[in-house]
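Worksheet: one structure, shown below.
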Amino acid sequence: MSSSNDHVLVPMSQRNNNGLPRTNSRAVRTLAEGDVLSFHHITYRVKVKSGFLVRKTVEKEILSDINGIMKPGLNAILGPTGGGKSSLLDVLAARKDPKGLSGDVLINGAPQPAHFKCCSGYVVQDDVVMGTLTVRENLQFSAALRLPTTMKNHEKNERINTIIKELGLEKVADSKVGTQFIRGISGGERKRTSIGMELITDPSILFLDEPTTGLDSSTANAVLLLLKRMSKQGRTIIFSIHQPRYSIFKLFDSLTLLASGKLVFHGPAQKALEYFASAGYHCEPYNNPADFFLDVINGDSSAVMLNREEQDNEANKTEEPSKGEKPVIENLSEFYINSAIYGETKAELDQLPGAQEKKGTSAFKEPVYVTSFCHQLRWIARRSFKNLLGNPQASVAQLIVTVILGLIIGAIYFDLKYDAAGMQNRAGVLFFLTTNQCFSSVSAVELFVVEKKLFIHEYISGYYRVSSYFFGKVMSDLLPMRFLPSVIFTCVLYFMLGLKKTVDAFFIMMFTLIMVAYTASSMALAIATGQSVVSVATLLMTIAFVFMMLFSGLLVNLRTIGPWLSWLQYFSIPRYGFTALQYNEFLGQEFCPGFNVTDNSTCVNSYAICTGNEYLINQGIELSPWGLWKNHVALACMIIIFLTIAYLKLLFLKKYS
């Protein structure tokens with residue numbers, strides 16, 4: 001008669017299909033064995049700049065000679081703020097900048113495989129899930145990109161349904177996660193969704209960065225109970241946490257205490273109180289052990305003062321007791337190194353196969369992908385398009401504003417006449433259309449800024465290539481959001497304004513506005529990619545467009561600008577758009593009533609411009625067809641250049657912490 005807690009025998013080929021090194025060569029093993037992660041002499045240093053006027057580079061040690069072992073179960077990393085717990089977690093998960101990092105992280109006694117970041121799970125502190133999608137759709141996205149294409153769809157759906165059931169998300173499986181504009185699921189359900197995204201690959205090792213942050217005590221307890229159940233299935237769960245309550249603390253199997261980058265305890269969580277008592281720090285009755293440990297480390301516990309008094313009375317020390325935090329941490333660190341628990345850990349580390357071989361910390365490696373570029377492109381484009389439709393504030397609202405603005409401008413410039421005023425108004429409205437296309441494209445700065453954390457997490461986890469993400473976003477988000485407003489704007493305005501009544505002129509104007517929008521959006525991407533704050537990129541875009549307006553050809557005649565500044569006109573997006581629109585509208589037009597365009601005579605007033613051709617010549621615009629199309633060629637070249645810059649910035653973006 002078996003119980004639900006009995007160990008389940010699973011063939012190794014089925015259990016450890018993520019490619020992690022195995023501890024033995026037996027054909028079967030219990031789930032409770034799992035994978036063992038060990039770390040040897042981990043030291044991490046970073047260079048920080050200090051000073052206001054004179055910036056000096058100072059090396060700061062974040063982690064100092066950390067050794068330990070994480071077995072299947074709940075492995076908690078605890079410590080005060082700035083103690084190094086998140087840094088240690090990132091090092092173990094192979095997500096830390098390799099510069100300044102030394103030491104070895106082994107899996108079952110062997111070096112971490114190149115695809116370790118892809119086959120292990122990592123749940124970030126700030127849940128990075130697409131809020132406009134449902135819980136099921138987010139899991140489907142993870143399954144589509146992280147599971148091999150050889151796996152059939154019904155098998156992927158079965159795994160998704162199993163995870164939803166295991167995480168208790170059945171009631172909200174088809175509910176949207178939620179955004180700042182859309183009401184969604186609760187914080188605990190959102191956290192479980194993030195965990196489910198990582199469980200898709202059935203990882204044997206799961207990392208979580210402060211999984212209880214932002215959750216109330218009851219929800220946090222529920223999340224840890226879920227992790228405890230998962231650990232009993234043979235998973236090695238490693239997480240950082242800050243001040244857990246006792247009901248959570250008693251779930252821990254292993255506890256790692258860090259302070260100022262030094263290891264003050266690493267061993268079974270239930271032996272921690274006994275260990276601190278042997279060091280002279282006794283936990284008060286009814287005190288939370290986790291709070292007690294942090295109080296001792298911070299030096300503000302009554303146990304610390306009692307310990308100092310005992311040391312003074314018993315040892316009759318002549319030196320004054322230190323009042324700062326550092327001596328307490330140093331004493332605890334030295335006591336741990338000389339303790340029996342450290343000796344047991346050291347012996348266990350030495351017994352691991354391959355532990356004596358010094359591998360050295362490997363450099364940052366690119367993720368290994370299980371799907372093709374086209375497969376990734378299709379799913380990224382699909383998710384981006386769903387996100388666009390599920391976010392009406394960014395899609396529908398923009399189209400409505402475009403229609404309203406078009407009607408207002410059409411009413412102001414309604415039915416332009418063929419006279420001097422009509423010529424002036426035509427130039428004015430064409431200039432407005434060009435600049436409006438530029439400034440309305442500033443919203444493109446959010447394309448890669450808002451999803452920066454999401455992109456970095458998914459890229460490191462092996463969801464997709466940088467190229468797949470870039471082109472998928474451009475195809476599904478950038479193109480339609482700039483294409484449709486331009487088409488609507490042209491259709492609403494063209495006939496209200498009474499512009500040139502030819503089919504060619506209509507579509508040339510539409511094409512020109514589309515090209516201007518694409519170029520301005522590409523420039524926005526080139527400036528904003530890699531930025532963390534939208535407002536900075538928006539400010540830079542606005543300043544750039546204001547300077548470009550000066551060289552558009554309306555506010556100042558470009559032929560009158562000095563040669564030392566005239567070269568700036570070739571970098572002006574509005575100039576190319578405005579020039580093309582003027583050529584399209586003014587060529588062959590007559591603006592003097594009764595004047596014959598075919599007549600070579602001039603107007604009675606030699607200072608008057610009676611034809612569109614004269615106006616174009618006065619503006620320095622060529623009358624040949626190349627005078628029109630060279631502007632579109634220039635815009636196309638700028639699009640290619642700006643998108644290339646954006647892609648390279650995304651490619652070389654710092655993707656590790």
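Even glycines carry a Cβ here, placed using N, Cα and C.
It should be emphasised that the depicted structure is a prediction, and the values quoted were computed from it without experimental measurement.
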| Candidate annotated in Swiss-Prot as N-linked glycosylation site, out of ASN316, ASN596 | ASN596
| message | Please state whether Swiss-Prot assigns SER333 and VAL534 to the same topological domain (same side of the membrane). | response | yes
| Swiss-Prot annotation N-linked glycosylation site: which of ASN331, ASN600 has it? | ASN600
| query | So which residues does the topological domain 'Extracellular' (415-428) touch in its own chain, when a touch means Cβ under 8 Å and the partner is 6 or more beyond its ends? | reply | 496-499, 554, 582, 585-586, 589-593, 608-609, 612, 615
| said: Could you check whether the transmembrane segment (478-498) packs against the transmembrane segment (394-414) - three or more CB pairs closer than 8 Å, residues at least 6 apart in sequence? | reply: yes
| task | Select one residue from GLY79, GLY184, GLY187: among these binding-site residues, choose the one with the most other Cβ atoms within 10 Å of its Cβ. | result | GLY79
| said: Under 8 angstroms, Cβ to Cβ: which one of 394-414, 429-449, 507-527, 536-556 has the largest number of such pairs with the transmembrane segment (633-653)? | reply: 507-527
| remark: With the greatest number of Cβ pairs under 8 Å to the transmembrane segment (536-556), the stretch among 394-414, 429-449, 507-527 is 429-449
| Can you tell me how the residues of the topological domain 'Extracellular' (499-506) break down into helix, strand and coil by DSSP? | 4 helix, 0 strand, 4 coil
| request: Go ahead and report the DSSP secondary structure tallies for the topological domain 'Extracellular' (415-428): helix first, then strand, then coil. | output: 9 helix, 0 strand, 5 coil
